[in-house]
Number of protein chains: 2
Amino acid sequence: MASRMIRVMATALAGLAMVAAATGPAFAEDGYRLWLRQQAPVPAPDRIAVTAPSPKLALARAELARALPATVASVTLARSDDPRVVHLRLPTRSLGDEGYLVRTVTLDGAATILVTGHSDRAILYGSFALLRHLATGGAASGIALSSTPRVKLRVLDHWDNLDGSVERGYAGASLWDWWTLPDFRDPRYTDYARANASIGINGTVLNNVNAKADSLTAPYIAKAATLADVFRPWGIKVYLSARFSAPIELGGLKTADPRDPAVAAWWRSKADEIYRAIPDFGGFLVKANSEGQPGPRDYNATHADGANMLARAVAPHGGVVMWRAFVYADTDPEDRAKQAYTEFRPLDGSFDDNVLVQVKNGPIDFQPREPFHPLFGAMPKTPLMPEFQITREYLGFATHLAYLGPLFTEVLDAQTGRRPDQTVADVIDGRADHHALSGMAGVANIGRDRDWSGSTFNQANWYAFGRLAWDPGLSARDIAREWALQTFDARAADTVVAMMMPSREAVVDYTGPLGLAHLMGTSAHYGPAPWVSDLQRPEWNPVYYHRADRQGIGFDRTASGSDAIAQYAPSLARRYADPQTTPLDELLWFHHLPWTYALSTGRTLWDEMVHRYDAGVAAVAVMAREWDTLKPVVDAERWQKTATFLQIQQREAQWWRDASLAYWMSINGLPLPVGVTPPAQDLAWFQARHVPYAPGNPG
Amino acid sequence: MASRMIRVMATALAGLAMVAAATGPAFAEDGYRLWLRQQAPVPAPDRIAVTAPSPKLALARAELARALPATVASVTLARSDDPRVVHLRLPTRSLGDEGYLVRTVTLDGAATILVTGHSDRAILYGSFALLRHLATGGAASGIALSSTPRVKLRVLDHWDNLDGSVERGYAGASLWDWWTLPDFRDPRYTDYARANASIGINGTVLNNVNAKADSLTAPYIAKAATLADVFRPWGIKVYLSARFSAPIELGGLKTADPRDPAVAAWWRSKADEIYRAIPDFGGFLVKANSEGQPGPRDYNATHADGANMLARAVAPHGGVVMWRAFVYADTDPEDRAKQAYTEFRPLDGSFDDNVLVQVKNGPIDFQPREPFHPLFGAMPKTPLMPEFQITREYLGFATHLAYLGPLFTEVLDAQTGRRPDQTVADVIDGRADHHALSGMAGVANIGRDRDWSGSTFNQANWYAFGRLAWDPGLSARDIAREWALQTFDARAADTVVAMMMPSREAVVDYTGPLGLAHLMGTSAHYGPAPWVSDLQRPEWNPVYYHRADRQGIGFDRTASGSDAIAQYAPSLARRYADPQTTPLDELLWFHHLPWTYALSTGRTLWDEMVHRYDAGVAAVAVMAREWDTLKPVVDAERWQKTATFLQIQQREAQWWRDASLAYWMSINGLPLPVGVTPPAQDLAWFQARHVPYAPGNPG
């Protein structure tokens, strides 16, 4: 007995010593471990039984061994068709391919926590769910968890370039080291896949939608294949962004016309080549006829022609095409917010079964707030895949704290008005229209920074996207709490959640309240520049969006203006037609109103704007104070980084507020409400301010 | 007694557990800790006494506490003027500002290891020296170490751009996150400074010699000042590369003519501004009239005019100017290898006292092998600061294994022939000519990759540069052994050294044996392209350098050719004038010879070339086999990365060899010697090969 105890102790010590020896002094806690920080006091693989070994179950077992608290004595991983599981008559019927069931049961006369599902992948998800349950305060006894993903393709879009830069990336260089691939398998690739699997993400588009044809050459296919090999055990498929003109650039053809048989044949052959290297290749993501990218419209073919041609190339292999609806023409005088709907709505019903149309959450471009995209609900015959931006191109990059859960759920929970009680989430899960496919895409905020996302709190946006892609019905607050409990000491969780929940609204307030949008600096998309009016294309200019003049401000999208509201369901269009029934948060998105317009808040429009700018700045100060209180319970390195970033955010929120107010006052000639602090500098000072070398803006 | 033991055990366990809890699972040993891996079983700060506390001594104490083996019971850190140290009458007189003395002594009746010197910085260096001594197998008893740096400015040049890219960087993005500076002090900045201090580096040029004027604006000065604050306790000064035309770009002047009083005044004012933010700012590094950079020659002023004007701006503050001699004109038909000497030699004696002329190790540009630069020894009135390239622009980037110690020492140990027994090292330490300044610069191979330098073995080149800058008389082998013992398990050291020592010669052999140079691919500087002849400037083309034709190969730099040999001391010039007395390794650098020329090796020139290409490829295979034997004693992650990189190197060495032979054969029409394997592909195949998106080649 004593010798056994000594052996156990010795093993524990050896384990600890090994870990200790491998640890550098400076990085006590550097954020690398994300939300997967729980660690078993002593790893005990013996507590986890696997009935039918497989690579995925070996991973699940290792995860449990690594993190299972001592309160759990036994876990059993078994497929639902295991005779002993069948015998238990558990409700596994509706789990699908990926759903899991985790339940305390008696097996062979002993209590165990059974993790089961119809596939090993499901059991891997169930194992992560069990660990999440335990790490977020769930009891170790009487466990009964079950969940099936509502969305099939839960995909990260990496805007990573082949030269290692990341468009709109604020977390360092691309995670993919194309130069040393396919030879070198950076252990970080595995950790990336593991983190994604832990939140249910099952696909990744490796390269930027602004794609180079090179990514479809044999050397780059081999590189992608290596990543696919690393990701496969974690249930993650690889996709590639495809450059529509690749048949010309790589194939030497004279055209990329999707109706040209030689073009279709080139793509079929290319798809065959890819599938030989990556048998479970997910398919293509395409940005066509958008911001200079080539596409079928170059040949007077439709987006459906283009998408279907590609879809037929991958269909024999089970692949899909994710075709972006983010289009606006440089020659089209129509309200930019209307153009995607105008172009795509008539195509409903003309896409092949393995095409998803990828629609940005709002009609413009990932602004801090936009109404949901009018295509949601308007193309019932087409699987629509929302595209969220996890990286914060327009919300302060990695340095500002903005939890996007509320932005995501605001869109997902929005009523489309197309069917009774139909939300955007109901549209995209595809069940109402019996779509075989469904999907949700998030533009990744991941890079080679040690903490993956450029800040600790940015990890929450990656986490929230994954959890919502699995279940678009989750609440942003619940997710925040889940994340906080796994990422910080439990004593920090309440305050962390309190900081997170209003944080995105703060950014809205200090950058563009009341439905204003697209007021940021040119190219870098950082800092205030509502005055910019000299860019080549009208819709690139902030003045195009706010339309402020001496009398008023806002974009009239009612029938008297661009009539964009007519793209929404009639009930919504009616509500948006009247400023009185339009939500305040979207007011100036839909209406041009006098500065003196009286709002339901009791303030004039101008006074309310000023009030909200100040509220945004004040909210950052509150966050900073809240974070200060956490110093005793958060490890020093992560605490300091967030504290510093909050200082930056405080200064820059003030910059946004001051510059914006100075500009609006130069337009409307109105005084500030009594007691409001004037901008610290004059307008010219703000206009002269230049912030060079912003990250995320390559080329 | 028992309770005390339990307390000790408990403390140890708590320490281990703390470390264990902070450790992620995937990165058992990721190379982050460099050569500073030794760790005390239980940190015991009580064993280290500090007589007069200061920030630097606190760092020294922490280093010792962290890493001191249990065999050392007591260390005392005390300045040489401490009465108790004075009393010991130790030989501290010649230590200078930075030299240290470490010796086992009796203080207050008890034995201790005294670390002393004339400054706290010296004691910090001494502490690292003590740890190095112990970590490399030195006895803990009877210690007697003493060393004074021979070179005053031991500087890393970072070719880091303000957009985060690194010119010729192969280890990820720039370490400096300009975007979050000056607010955020990444803990990695401290670790960088610490690693440098441990090998004696005392300066760092933050930005690329191809400089942007922005780096001299107030926001960027503030960012540099923050880095200077972080580095200062570690004895490291910050320098900036200065763009010569900044008075025009930032100051609105019409000229940057160094003789214009307004220009000089602008620089004085700029220097004053910098010194207000960074009181110990090191000074400027300048690349002028070189590869498109502006400079004094634009105004028909001399390099001395330019350097002195800048030197007078920083002189009141104690700053220096490091002025690069790397110039070659796009209009000058003179042998490129001669131009720096032609331009700078006449200026000897005309530089101000606080100017160092920074001279690349060889006359062209960091090739795998070049003869030493003829300026060394030829400008006795000017402190010459050699510039080595630690990053391997021409030696296989980070993926090939090439230990540069032998390259550095080959240059440092070279006899200049200018004075009896004078080596390049004797020139650069400045003592013979009584220069107040001396310096050595290395172009850094450091980036944000987790292992700092892109590979484990690349860390050795950083290490070797630092150690040689401290003492240019050290042997490359001793340094390799020192590094290996600190970086790996002691059982690996012999094999690691055996791999390192011939590794650079292998690269020479498979890329350009017998004095050939500059045969690499355009722009990327990767892979073989000896056939390139169509670039705009003659000296950009490989054919300019090898001059191969049907009859022979090599650059005639004797009197019958460019007469570059006349730039060397007469004794050397005589030796280089005759191919029989020219070292084989430099043969084709100085001579154009028939392919059939008979060498001392018993082979013809062509046969010897083929032999050496094959020897280079074979040497890589040997390294790979040697590394294989280390699998049991090297941690898995670092072992695997190096093993993979050696596979890449093997393949690419073969590529270099095959492509080069195919090309030479197309020129000389000669058969391969009997038994030699022909190239795997024909020349056209190699010429068509395209390697896009090479790292380190921004823009």
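Note: Cβ is positioned from N, Cα and C throughout, glycine not excepted.
Copied over from TrEMBL:
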- A:Glu291: active site, proton donor (ACT_SITE)
- A:Asp365: active site, proton acceptor (ACT_SITE)
- A:Glu393: active site, proton acceptor (ACT_SITE)
- A:73-130: domain 'Alpha glucuronidase N-terminal' (DOMAIN)
- A:136-452: domain 'Glycosyl hydrolase family 67 catalytic' (DOMAIN)
- A:454-675: domain 'Glycosyl hydrolase family 67 C-terminal' (DOMAIN)
- A:1-28: signal peptide (SIGNAL)
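Distribution of TrEMBL features across the structure.
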residue	record	Cβ contacts under 8 Å, 6 or more apart
A:Glu291	active site, proton donor	A:Asn210
A:Asp365	active site, proton acceptor	A:Phe326, A:Tyr394, A:His518
A:Glu393	active site, proton acceptor	A:Arg168, A:Phe366, A:His525, A:Gly696
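A:Asp365 (active site, proton acceptor) falls within neither a helix nor a strand when secondary structure is assigned with DSSP, and so counts as coil. DSSP states for the domain 'Alpha glucuronidase N-terminal' (A:73-130), grouped as helix (H, G, I), strand (E, B) and coil, give 20 helix, 19 strand, 19 coil.
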